[in-house]
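Note sheet for the following structure.
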C-alpha cells in the first residue's frame with residue numbers, strides 16, 4: 001500500500017497514546033482502493049495540547065479527524081457545532097467541516113450496534129463498565145433501542161453517576177459491580193488493551209460462571225481476545241470483540257468525509273489480518 005506523495009486532502013486521528021490504532025491502515029487502504037487523493041496520519045496529542053492542536057488544525061489543510069481516548073468529550077467545547085447524534089451520545093469521535101464549521105459527529109453508536117444487531121437476540125439487562133466517551137455512545141445506543149434495565153459502573157463514581165443521570169439508567173459503585181444481574185456486559189474501559197494493561201480485566205471470571213450465559217462485548221479489538229472475553233467464553237457466554245465496531249465506525253467516518261462506502265468484509269479482513277500478524 002502506498003500513500004500519495006502530495007495528497008489533496010489530509011485526515012488523521014488524535015488521541016494519546018496512539019500506538020494501538022489501526023485507523024491509519026483502514027483509511028489509507030480505503031483511499032487507495034477507491035482512488036482518492038488523500039492521506040491519513042496519526043497525531044499523538046497529549047490532553048494539555050488538545051486546544052492548541054485544534055487551533056492549528058483549523059489553519060492547516062486538514063479535512064477531517066478521528067478522535068479517540070482521551071479526547072472524545074474534551075474536544076466538544078473546541079468545536080463550532082456538533083451533530084444531533086453526537087449531542088445525544090455526549091461524545092465526539094469524528095470531526096469534519098460542514099459549510100466551513102468544524103463539526104463533531106459520533107459514529108461509535110452506529111459502530112456499536114452493527115455487530116450487536118447481527119447477533120439477533122434481545123437482552124433483558126445490561127451492565128456497562130466504564131464512563132468515558134465510548135460508554136456514552138454505548139448508553140446512547142442501548143437507551144435508543146428501548147432497553148430499560150441498564151446499569152453503569154466506573155472506578156470514578158462521580159463520572160458514573162453523571163452518566164447514569166444523563167441517560168436515566170442505574171449506577172452502582174465499582175466495588176458492587178459483580179452483584180449486578182445482566183445478560184449483556186459491555187467493557188468500555190481500556191483494561192485488557194494491548195500494552196501495559198493487556199493482563200488486566202474489569203470483571204472477575206467468577207462473574208460469568210455464577211449466572212446464566214449471555215453476551216460479553218469488549219470494545220477492545222487489540223488483542224482480539226482479552227482476558228475479559230476469555231473468561232466469559234470459558235463460562236459458556238457468547239463473545240464479541242471490538243473489531244466489527246471499529247470497522248463499522250471507521251467506514252461511517254469514511255462515508256462522512258468522502259461520501260463513499262468502504263466494502264465492509266474487505267475492510268474487516270484487512271484489519272483482522274494486520275492484528276493477527278502483529279502489525
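Keep in mind that glycine also has a Cβ here, set from the backbone N, Cα and C atoms.
Copied over from Swiss-Prot, here are the features:
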type	residues	note
ACT_SITE	72	active site, proton acceptor
BINDING	21, 22, 23, 68, 93, 108, 221	shikimate binding site
BINDING	130, 131, 132, 133, 134, 219, 242	NADP(+) binding site
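Mapped onto this structure are the features recorded in Swiss-Prot.
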| residue | record | DSSP (3 states) |
| --- | --- | --- |
| 72 | active site, proton acceptor | coil |
| 93 | shikimate binding site | coil |
| 108 | shikimate binding site | helix |
| 130 | NADP(+) binding site | coil |
| 219 | NADP(+) binding site | coil |
| 242 | NADP(+) binding site | coil |
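Sequence-distant contacts of residue 23 (shikimate binding site), defined by Cβ-Cβ distance under 8 angstroms and a gap of at least six in the same chain, are 13, 40, 42, 66, 68, 250.
Residue with the densest Cβ environment among the binding-site residues 21, 68: 68, by other Cβ atoms within 10 Å. In this structure, residue 22 (shikimate binding site) belongs to neither helix nor strand by DSSP; it is coil.
With respect to Cβ neighbours within 10 Å, the recorded positions 72, 131, 132 differ, and 132 shows the lowest count.
Once the Cα atoms of 21, 22, 23, 68, 93, 108, 221, the listed binders of shikimate, are compared pairwise, the greatest separation found is 17 Å. A C-beta separation below 8 Å, combined with a sequence spacing of at least six in one chain, links residue 93 (shikimate binding site) to 66, 67, 68, 72, 105, 106, 107, 108, 133, 137, 249, 253. Nothing from the binding-site residues 21, 22, 221 places its Cα within 10 Å of the Cα belonging to residue 134 (NADP(+) binding site).
Checked against residue 21 (shikimate binding site), the binding-site residues 130, 131, 132 differ in C-alpha distance, with 132 being the nearest.
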